[in-house]
Amino acid sequence: MQIFVKTLTGKTITLEVESSDTIDNVKQKIQDKEGIPPDQQRLIFAGKQLEDGRTLSDYNIQKESTLHLVLRLRGGMQIFVKTLTGKTITLEVESSDTIDNVKQKIQDKEGIPPDQQRLIFAGKQLEDGRTLSDYNIQKESTLHLVLRLRGGMQIFVKTLTGKTITLEVESSDTIDNVKQKIQDKEGIPPDQQRLIFAGKQLEDGRTLSDYNIQKESTLHLVLRLRGGMQIFVKTLTGKTITLEVESSDTIDNVKQKIQDKEGIPPDQQRLIFAGKQLEDGRTLSDYNIQKESTLHLVLRLRGGQ
């Protein structure tokens with residue numbers, strides 16, 4: 001169904017929703033349209049602030065209802081972040097924000113990945129899981145941003161096509177971290193990556209230093225095709241989508257791949273095989289789905305009007 005969201009500036013946003021959508025989902029859709037982070041949004045309907053975990057139907061929000069969007073300024077404040085170059089960044093934060101949140105805001109403004117940021121206040125390095133109020137950081141406080149170069153180094157990743165990727169890493173980075181960096185650069189999902197060094201396949205939870213990988217070492221990237229296979233997904237329009245999967249992939253993974261290809265959110269997808277609706281947490285092998293099997297994709301309209 002359609003609902004409307006009215007902002008304090010008078011702008012009205014139209015959203016496609018289902019009555020089973022949670023308030024979190026709605027805030028996500030608003031972020032997608034308007035770029036406003038969910039944690040800055042307060043949604044009001046019939047004079048009541050809506051809670052994230054509840055659904056539209058819980059609040060009896062029906063088609064063409066109008067919600068009001070207010071930006072959260074409760075506890076909101078400005079703080080400053082000073083870099084080693086002398087640049088000062090101004091951030092809108094709340095005292096309940098975690099250090100992770102602050103690093104994310106710095107990334108949004110400056111493009112510096114959180115894992116390269118160290119934040120210092122009153123001579124103390126701030127820990128990710130703690131909040132600004134834990135450190136008694138108040139409005140117009142100044143934090144200092146230091147880039148983490150401890151153990152920082154370049155390594156190379158060579159693909160089977162002969163392409164070489166350069167990565168900025170630290171010896172304390174895990175293999176998971178490295179795969180994430182490769183995804184950021186090349187778009188290859190971590191679960192399709194196998195990394196080889198000195199003839200040995202590297203395990204996700206281990207660090208570069210565990211494997212004695214030093215600056216300017218070269219890793220080899222092999223795409224995981226063990227158990228890999230193609231399956232087909234047929235839509236009601238008759239379109240057939242081809243997916244590269246593994247029998248150990250969960251139905252969630254498959255829905256994610258469909259979203260990547262077709263843009264259909266996983267929560268709108270129902271997948272059918274052999275007359276049975278497939279459950280998210282189960283794997284393809286649980287359902288005996290083999291190479292070149294065909295699944296049927298039905299769009300969830302339950303609650304939609």
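Here the Cβ of each residue, glycine as well, is placed from N, Cα and C on the backbone.
According to Swiss-Prot, the protein carries these features:
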CROSSLNK  Lys6  ubiquitin cross-link
CROSSLNK  Lys11  ubiquitin cross-link
CROSSLNK  Lys27  ubiquitin cross-link
CROSSLNK  Lys29  ubiquitin cross-link
CROSSLNK  Lys33  ubiquitin cross-link
CROSSLNK  Lys48  ubiquitin cross-link
CROSSLNK  Lys63  ubiquitin cross-link
DOMAIN    1-76  domain 'Ubiquitin-like 1'
DOMAIN    77-152  domain 'Ubiquitin-like 2'
DOMAIN    153-228  domain 'Ubiquitin-like 3'
DOMAIN    229-304  domain 'Ubiquitin-like 4'
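Secondary structure from DSSP puts Lys6 (ubiquitin cross-link) in a beta strand. On a Cα basis, Lys6 (ubiquitin cross-link) lies 15 Å away from Lys63 (ubiquitin cross-link). Of all Cβ atoms in the protein chains displayed, 12 besides its own lie within 10 Å of the Cβ of Lys33 (ubiquitin cross-link). If you measure from the Cα atom of Lys33 (ubiquitin cross-link) to that of Lys48 (ubiquitin cross-link), you get 23 Å.
The recorded sites recorded for this entry are Lys6, Lys11, Lys48, and the Cα of Lys6 lies nearest to that of Lys27 (ubiquitin cross-link). Around Lys29 (ubiquitin cross-link), the same-chain residues six or more apart in sequence whose CB sits under 8 Å from its CB are Leu15, Glu16, Val17, listed in sequence order. For the domain 'Ubiquitin-like 1' (1-76), residue counts in helix, strand and coil come to 18 helix, 27 strand, 31 coil, using DSSP. In this structure the alpha carbons, written CA, of Lys48 (ubiquitin cross-link) and Lys6 (ubiquitin cross-link) are 15 Å apart.
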